[in-house]
Amino acid sequence: MTARAAVILAAGQGTRMKSPIPKMLHKVGGRTLLDRVIDTVLETGCERVVVVVGTHSPAVRQLVEARLGPGAAAVQDPPLGTGHAVLAAGSALADFDGDVMVVNGDCPLLAPEDLDPLFSLRAEGTDLALLGFEPADPLLYGRILSSAEGEVRRIVEARDASPAELMVRTCYAGMLCADRARLFDWLSRLTNANAKGEYYLTDVVSIAAAEGRKARAHYAPETAVMGADTPAQLAQAEAVFQQRRRTHFLSEGVVMPAPDTVHFSWDTRIEPGVQVEPYVVFAPGVTIETGAVIRAFSHLEGARVGPGALIGPYARLRPGADIGEEVHIGNFVEVKKVRLDKGAKANHLSYLGDGTVGAGANIGAGTIFCNYDGFDKYETHVGPGAFIGSNTAIVAPRSIGAGAMTGSGSVIVRDVPDDALAVARGEQSNKAGWAAAFRARKTAEKAARKEKGGS
């Protein structure tokens with residue numbers, strides 16, 4: 001098979017996003033636009049990926065180099081059009097022998113099945129493979145003009161098209177594939193004789209045609225090539241992504257009575273037989289195992305939920321939460337970097353951070369793992385079968401033994417042995433008649449103030 005490479009165009013200013021965050025770092029499904037496109041081209045089998053970045057977004061370059069290595073970012077400076085952008089990647093691919101695919105970096109819904117046909121066209125003898133689509137409203141898009149046999153003759157921009165050409169519904173998505181040497185030869189012959197003084201990638205089509213080269217197009221769904229240039233388009237892409245994920249999980253046996261209210265991430269994993277109630281958010285890094293129930297208004301991120309566990313309503317699982325089999329995490333309980341073993345329960349109003357809770361342990365309402373001193377985090381370990389009384393504060397680092405108990409309202413500052421009871425609170429003192437005397441005194445004082453104010 002011919003070697004494959006990709007050039008991802010990510011140098012745009014993104015001014016229409018009107019955001020201090022670079023456009024490529026905005027997210028769909030909890031993953032940046034650029035990461036999603038990198039994922040896709042890697043899944044097509046590209047062994048080399050070069051991302052063209054601008055000088056205005058060092059954070060984009062940092063992302064590229066962190067994922068693909070220091071030689072994977074090619075800087076376009078100054079920005080002189082899409083053809084010029086691809087040329088900026090030339091030196092990074094100078095030693096590459098194979099097909100190069102040019103892909104837009106702001107198309108988060110692209111899938112491998114949308115791009116693989118470009119390589120297939122190349123394998124069938126097409127010199128230049130183009131990615132097209134048929135939009136519902138083609139008004140502003142460049143038209144792909146083809147022969148009756150499907151060979152592409154040229155691309156005409158909407159503003160330059162004749163009335164007959166505007167009737168054509170096949171449009172160009174800005175992406176193509178060709179042999180590296182031939183592509184960069186065509187690019188070297190681009191001119192900027194246009195109103196913007198830029199070098200357009202689309203012009204390689206006419207250069208190839210003048211050489212008698214064969215060009216054909218593959219047509220992807222409009223949603224696949226949807227760009228995310230504005231907040232509205234970003235929201236539209238998110239909506240398409242979410243609907244796809246909902247459809248997928250429903251088809252896999254996940255029960256959701258109100259799927260349109262459930263929010264998924266790109267890597268959410270849910271096994272068949274899970275029930276998800278309305279208004280649940282799955283941030284990145286979540287795995288839910290079979291038989292679990294996620295009740296309404298819960299938020300999960302970086303967490304594993306084991307078989308038969310019950311989460312929520314109104315629970316928050318933060319990164320590192322490892323919820324074991326048949327564990328209960330109830331309303332207004334927050335868990336972060338804690339493993340709870342089989343059958344443990346924390347049913348109400350608690351914070352569990354950094355530590356472990358043994359099998360069958362019960363965490364009473366209002367329990368706090370006091371894990372942070374302003375500088376460092378410390379762990380709390382609650383043994384199997386332990387019973388933590390309501391409103392207990394455990395000052396870490398601390399261990400509560402197997403079968404041990406704490407009295408309600410205790411502040412635990414020392415380890416508790418197995419099967420022991422720890423009570424750490426001030427001694428109660430009852431003063432007979434004090435409350436009645438207090439009320440009488442205060443009533444008299446209030447009456448005196450009122451009389452004085454009225455005289």
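Cβ coordinates come from backbone N, Cα and C, glycine included.
Here TrEMBL flags HIS348 as active site, proton acceptor. Taken from TrEMBL, the feature UDP-N-acetyl-alpha-D-glucosamine binding site applies to LEU9, ALA10, ALA11, GLY12, LYS23, GLN76, GLY81, THR82, GLY142, GLU157, ARG318, LYS336, TYR351, ASN362. The domain 'MobA-like NTP transferase' annotation in TrEMBL covers 6-146. Per TrEMBL, the feature region 'Pyrophosphorylase' maps to 1-231. Taken from TrEMBL, the feature region 'Linker' applies to 232-252. Summarising the annotation, TrEMBL assigns region 'N-acetyltransferase' to 253-455.
Binding residues for UDP-N-acetyl-alpha-D-glucosamine (LEU9, ALA10, ALA11, GLY12, LYS23, GLN76, GLY81, THR82, GLY142, GLU157, ARG318, LYS336, TYR351, ASN362) extend across at most 68 Å, taking the greatest CA-CA distance. Around GLY142 (UDP-N-acetyl-alpha-D-glucosamine binding site), the same-chain residues at least 6 positions away in sequence with a Cβ under 8 Å from its Cβ are ILE155, VAL156, GLU157, ALA158, CYS171, TYR172, THR202. Under the DSSP three-state reduction, TYR351 (UDP-N-acetyl-alpha-D-glucosamine binding site) is assigned to strand.
Residue pair GLY81 (UDP-N-acetyl-alpha-D-glucosamine binding site) / HIS348 (active site, proton acceptor) shows a Cα separation of 58 Å. Broken down by DSSP into helix, strand and coil, the domain 'MobA-like NTP transferase' (6-146) contains 53 helix, 34 strand, 54 coil. Sorting the binding-site residues LYS23, ARG318 by the number of other Cβ atoms within 10 Å puts LYS23 first.
Within the same chain, the residues at least 6 positions away from HIS348 (active site, proton acceptor) whose Cβ sits under 8 Å from its Cβ are GLY330, ASN331, PHE332, VAL333, ALA365, GLY366, listed in sequence order. The average pLDDT the prediction assigns to the region 'N-acetyltransferase' (253-455) is 97.
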